[in-house]
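Here's the structure we're looking at; comments come further down.
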Amino acid sequence: MTEDFISSVKRSNEELKERKSNFGFVEYKSKQLTSSSSHNSNSSHHDDDNQHGKRNIFQRCVDSFKSPLDGSFDTSNLKRTLKPRHLIMIAIGGSIGTGLFVGSGKAIAEGGPLGVVIGWAIAGSQIIGTIHGLGEITVRFPVVGAFANYGTRFLDPSISFVVSTIYVLQWFFVLPLEIIAAAMTVQYWNSSIDPVIWVAIFYAVIVSINLFGVRGFGEAEFAFSTIKAITVCGFIILCVVLICGGGPDHEFIGAKYWHDPGCLANGFPGVLSVLVVASYSLGGIEMTCLASGETDPKGLPSAIKQVFWRILFFFLISLTLVGFLVPYTNQNLLGGSSVDNSPFVIAIKLHHIKALPSIVNAVILISVLSVGNSCIFASSRTLCSMAHQGLIPWWFGYIDRAGRPLVGIMANSLFGLLAFLVKSGSMSEVFNWLMAIAGLATCIVWLSINLSHIRFRLAMKAQGKSLDELEFVSAVGIWGSAYSALINCLILIAQFYCSLWPIGGWTSGKERAKIFFQNYLCALIMLFIFIVHKIYYKCQTGKWWGVKALKDIDLETDRKDIDIEIVKQEIAEKKMYLDSRPWYVRQFHFWC
């Protein structure tokens, strides 16, 4: 065993030298863990565990930041400690945040209650196709980074590099914004305390959670999502009571505001504006599959199916009911992104319920912290995936003994320090332009997922593989991904339209140019990154394009090791069972 361990270390050192000699970049090589290497790794960890009794807590903490004992930099060093309950709650409450609680105010003002229903229904329908397509691939290939890895495999390395880079930049810039938003939210109760103090506290909390590893992230998100879900459920019940006249004023509201001032504001342009807001409120939906390298893939299908109910219940129903309680002409819906602009808070205040605004404000604070927590998780895992594909320097993929992608966490944490500009007079303008760099990231990522799933299905067909080989099959299939791709293109066009002809008009040509570039600067940045990476790729490989023919796409590397015959038998048995059940039971299993 000692000789095997020494030879394993030598191989790892040779691999490390090879990486360093290539200017920090590595060629993408999928790594298969052999039984012998797994045995050596397990033996090393066993020896390490035996030493724990001889070390104090401080020593163990310091050692956890060191590189793995076998010297490898493989993504297999990530810990699969996320449990199904974590995934399900991340799926249910993961994207319930400021987009729903605050951003929806602008949507109601510009589109009216009916425009909100139409916009969120369209955006939500494409999410179902996107997440089911991503889930199908992820269960088949449960690797860290999910779509960041699949873009290289099914599309083109340059496309994957652009999409992953923009996605990472988005989370880099969102983190300081969310920390500032959390500090400003506290001002609702006490404005006498310097916001810099709150920035420091929230920054420390978010970074500390992620330093506890994926288990810390999972437990925090489980708690955050549970609170958010309970709050939305309670608010839905409250809305029904108020609409029916059960409030303090005992006034029956019904569809009063749908008639006066009306159900649709600004016509078709208003619906387009709502569509853009809705798409960003649903951002982060892909987080469920992003954690596939750190959880048991068996829990993914159930978590993926929860997305349908989340969109229906937490977004469509809650926003429809808010539209019955708040007229779109309410001035508090416009002119800001603070708690006072939340349609949920406005609805409660309009009907004179005194204690609840503070409760909703507390939930908004939790939502902001949840998004900040997700920022570091998403960016660090994507950077780790990019590093192991050879798209960026290998040291971005460093994973310590505790299974943390440490360099990725540190990189986003450094950007988080920008939150201390909270008292700067030009802070708002600076962050508006920083966010413009990654402004289209959400839709671009979803579009790449749709195209990856379409190429995956076509590759399976070209290579003579059956869908019976898949443990999880998208409920909407390849046509669902095609529909989602079409809707994502429509959202990008809608944002282009709203950038050129914003609702309310503009005062000057300078303002028009500013609005356009803040909305579409991302497209120019992406084009520049794509061209630069294409030149680099050409120099490295001698080819301009890395798109593979369908028959040449690798459908085996990183594939989950399963017995296809057993999978087919399990699917057949489940089908026989469901065929004997009533239609509503079949529908429940289909969507849940």
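Cβ coordinates come from backbone N, Cα and C, glycine included.
The membrane topology recorded in Swiss-Prot keeps Gly112 and Thr185 together on one side. Residues in the topological domain 'Cytoplasmic' (380-404) partition by DSSP class (helix H, G, I; strand E, B; coil) as 13 helix, 0 strand, 12 coil. Among the stretches 88-108, 114-134, 161-181, 193-213, 307-327, the one making the largest number of Cβ pairs under 8 Å with the transmembrane segment (359-379) is 161-181. Counting only same-chain residues 6+ beyond the ends of the transmembrane segment (307-327), those with a CB under 8 A from a CB of the stretch are 91-93, 95-96, 100, 104, 108, 112-114, 116-117, 120-121, 124, 127-128, 131, 229, 232, 235-236, 239-240, 242-243, 253-258, 260-261, 263, 278, 281-282, 285, 288, 333, 343-344, 346-347, 350-351, 591-592. For the topological domain 'Cytoplasmic' (288-306), the mean pLDDT of the prediction comes to 76. Within the same chain, the transmembrane segment (405-425) stays apart from the transmembrane segment (114-134): fewer than three Cβ pairs sit under 8 Å, each pair at least 6 residues apart.
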